[in-house]
Amino acid sequence: MLAYFLCYCLGVLPKGTKRMARRNVLITGCSSGIGLALAVKLAKDEQKRFKVYATMRNLAKKQPLEEAAGHSLGKTLEIKQLDVCDEQSIKTCVNSIPDRRIDVLVSNAGMGLIGPIECQTIEEMKTVMDTNFFGLVRLLKEILPDMKRRKSGHIVIISSVMGIQGILFNDVYAASKFAVEGFCESLAIQLTFFFFFNRLSLIEPGPVVTEFERKVFEDGMKMDLSAADEETAEMFTNIYLKNYKQIFQSLGQSAEDVAEIILAENPPFRHQTNTLYTPMTTLKYADPNGDLPIDIFYKMVFQHDKIFSASLNFIKLLRWRSRKSFDLGKPSQ
Ligand SMILES: NC(=O)C1=CN([C@@H]2O[C@H](COP(=O)(O)OP(=O)(O)OC[C@H]3O[C@@H](n4cnc5c(N)ncnc54)[C@H](OP(=O)(O)O)[C@@H]3O)[C@@H](O)[C@H]2O)C=CC1
Ligand SMILES: CC1=C(/C=C/C(C)=C/C=C/C(C)=C/C=O)C(C)(C)CCC1
C-alpha cells in the first residue's frame, strides 16, 4: 500500500495502468537510510520507468547501495558524487546527466542535531542549516531553471514532522526544517504558474529507524553538557535521551516504508508518512494560538511521563504482536 503511494507521488500509476517515458530521478543522500531505500526501489521498478541518479557526498560509502542495487547497478541506477553544501559538486553532477535532464529531484540529504543550545557551537548549528536548508536552495538554483524552461518537473523534499512542530531539544534541527517548509510554501505558488499544478511535495516523516537515529543518539550521549545548568543537563539526559530509543521503537517507520510513500500522482503539497504521529502534529492545527501543543508536550514529559511511556510500550507491543509494522502511511482511498 505504501508502494502504491510512493509510485503515486513521483507521477506513476500502479502497474499496467499507464505507460510513461523513462524519467530521470536525482536523489541526494543515498549512502544510507531513506535515500538508499528510495533509490533501490525506483531502480528495481519492474517496468523500468526510472533512471536513477543516486548521489552521495562521499563515494567511499557506496558499497551498501551497490549491494542493495544488485543487477540494476549501471543499468537503471548510477551512483554519482554530490555534496549539497558544495555548489561546484552539484553543478558537476547535473552537467554529467544527459541534456541535464532531471524529471524528478528528491532532496533527501540531511542531518540532525539534538541537545541544549548552550552546549552546541554556532558552527555546528550553521552546518545543520547549511545542509538541511541551503542544501535544498543550492539544488534548486541549479535544477529549477531547466524545469521551468521545460515546464515540467517534480520536486520531492524530505522535510519532517519537525518542519511543522518543534520538539524538545531539537531547536536548531526543527528551525532548519521550518525554513525548508516556509521556502517551499512560497515557491509552490510560483511553480503552479510554470507547471500548471503543484509539482512540489513535502514529505514529512515522523521517527524513522536509520543512521540518522543512531548518529543523533550517539552524539547526544557523548555531548559535553558542562555549559548547561544542572536542571537542563538532567532534563536532556534523563527525559529526552531516556525516551529517545523507546519513541523510535514504538513509533518508528523503516526507511523502506517511507520510500514507498514518496512517489504519487497528484500528490498533496504536504504528506505526513506516519499515522501514529499525526495526533501530535494535529495539536498544532487545533489551536491557532499555539499554546495547546506546548502545554500537552509539557504535560506528557513532566507530569504524565509514566502514562506516556506506558502508551509507547503498548503501541510497541501491538506492533510486535501483529508481527509487522502497522501500515502507517496508507493513503486514504
Ligand atoms: N530518520 C528520521 O527519523 C527522520 C529523517 N528525516 C529526514 O530524512 C532525510 C534522510 O535522513 P535518513 O535517511 O533518516 O538519515 P541517514 O543519516 O541514513 O541519511 C542521511 C543522508 O544524507 C547525507 N548527507 C548529509 N550531509 C550531506 C551533504 N552535505 N551532501 C550530501 N549528502 C549529505 C548522508 O551522507 P553521509 O553518509 O555522508 O553522512 C546520508 O546519505 C533527512 O533530510 C532527514 O532530516 C525526516 C524525518 C525523520
Ligand atoms: C513525541 C514526543 C517526544 C519525542 C519525539 C521525537 C523524538 C520525535 C522525533 C522525530 C524525528 C527524529 C524527526 C526527524 O525529522 C518527546 C519530546 C520525548 C515527548 C513529547 C512527545
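Backbone N, Cα and C atoms are what each Cβ position is placed from, and that goes for glycine too.
Over in TrEMBL, the protein carries these features:
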ACT_SITE  Y173  active site, proton acceptor
BINDING   29-57, D83, S160, K177  NADP(+) binding site
Sorry to bug you, but what's the C-alpha spacing from the residue listed as 'active site, proton acceptor' to R57 (NADP(+) binding site), rounded to the closest Å?
20
If you count other CB atoms within 10 A of each CB, which of G29, G33 wins among these binding-site residues?
G29
Do me a favour and check the Cα-Cα span between K41 (NADP(+) binding site) and the residue listed as 'active site, proton acceptor'; whole Å is fine.
28
Contacting recorded positions, sequence order - K41, D45, R49, Y173 vs ligand 1, Cβ under 6 Å:
none
How far is it from Y53 (NADP(+) binding site) to the residue listed as 'active site, proton acceptor', counting Cα to Cα, in Å?
27
Within 10 Å of the Cβ of R49 (NADP(+) binding site), how many other Cβ atoms are there?
21
For the C-alpha pair, I'd like the distance in angstrom between G29 (NADP(+) binding site) and Y173 (active site, proton acceptor), rounded off.
17
So if I draw a 10 Å sphere around the Cβ of R57 (NADP(+) binding site), how many other Cβ atoms end up inside it?
19
With Cβ-Cβ distance below 8 Å and at least 6 positions apart along the chain, what are the contacts of the residue listed as 'active site, proton acceptor'? List them in sequence order.
G112, L113, I114, V128, N132, S160, M162
Over all shown protein chains, what is the count of other CB atoms within 10 A of the CB belonging to A37 (NADP(+) binding site)?
25
